């Protein structure tokens, strides 16, 4: 039961006005991972005027390829991305800043169900408890990492690091290691070349900058993967372009899914992978990333063409869209209508303070990369779960911290990837989807995601067109099942992906069922009889339980089913009731602090709106 998805009872429940599109979330990469999130909006058409897409379904999370699930690597217009997510009646602090969120006359604080602040002393106690718990769990993980550094089972993934102080480094995530070792110079060279040529073209012939993006991207893809791979992708682009000329959305979506399936299932995947020239470490990752994102982009183009036949989009528009290098291999994905409108501006103008924002984001990405490097020299969070006997000897607190830190690392990895790519996109005068929301701030399935771009794509083209207003149980169930079916295809069908999709689909629908139950008269009257502070505490308690459901459901794919079973058994069975209640209370403290931050942000937004109102 997730009471935070319910309408507040003080005052009476507020109803969102019907509005525009978008959907769930979770992944990307060698076949990328994606977590569920849905924002309640009324289904409309494919028209960009009826749907706003401000964000970012990984990315990256641990990826999926033809050989199986790889080790984790983190899993819906034109204005500045506001980072909204797609969910049911769970507006974020930016509420009111976009069409279709909340009416301007309603209070964001009330709409969030956070109507009053808790006493300062109580919040201080929560901060003290949470800080102490994190420090205690961290100490346990540090000691476990030191004890296991020389284990035989760790030899392959714990390698020499800072030898001058005798520290080894966790290198279990091969993608992260490749990015910042053998492929670091290639990535820097390719993106620097893109920025340089883009700047020159913008200064000399800004009307041709979109052509420069496409030409440079196509040459980079050909140089990396070979000319036959480039021709393969051109074939998929032409196929979906021809389908768009027929003006049938169902045909375009069906052909797009068929193309995506051809990159996920044998024997077609084996045949198409043969088009890649040469062999190198990240070949499989780049093949799946470039191919899968190409299909999604071409499908978006085809659907937008069907929705706006009067605009007469050309094959050249599709190629400019698809071969924009910063987004090509790893995303994020922008729907075609947004990208085309932004890249077609002849004389783009930067807003005040935008360059400072770009420099700050680039700096944060560098700091995050350095922080991860330091962290992996002291905490072997990716290697320990692979040795279940060793992990089973960890204290309960350290085991809980290990499960939590695995999801946090995936979020950091996604944030770094999007941070670097988005910095380049901002320099190109684009407004890309925002990085994912921090996993620590998630306590409802309706906001859980790792990639806002794929979230936008699924929401706009699938989820909202089936789920309608997302208030009826049966249509919502059909919408989530259809969306997760496509997400399963995107990740690569296999047993672990089926399980992940089922669990997150269930969690998302369960929240709606609880909402309907809580709107039932007797329960609604019980909550109405509580004080606003007590109502917030009750909701936070359910949020704490849901937080761990989110962790467990996504740990299945981000790590392994066996490790997830170990964590569940230790925390819920052998550790009951002491460990279970202690961890629940610590999580409750964290949820309350997140709620307080959301409340403060909502109040700031409300005050900003009041100042902007005409007198």
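Every residue gets a Cβ built from N, Cα and C, even glycine.
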- Message: Between the candidate ranges 134-159, 238-263, 264-289, 290-315, where does TrEMBL place the transmembrane segment annotation?
- Response: 238-263
- Check the transmembrane segment (361-383) against each of 176-198, 210-232, 238-263, 538-556, 576-594 and return whichever range has the most CB pairs under 8 Å. 176-198
- Message: Please determine whether the transmembrane segment (538-556) and the transmembrane segment (238-263) are in contact (criterion: at least three Cβ-Cβ distances under 8 Å, sequence separation 6 or more).
- Response: no
- Sequence-remote partners of the transmembrane segment (238-263) [C-beta within less than 8 Å, at least six residues beyond its ends]: 46, 269, 272, 288, 291-292, 295-296, 298-299, 301-303, 305-307, 309, 313, 315, 318, 461-462, 486, 489-490
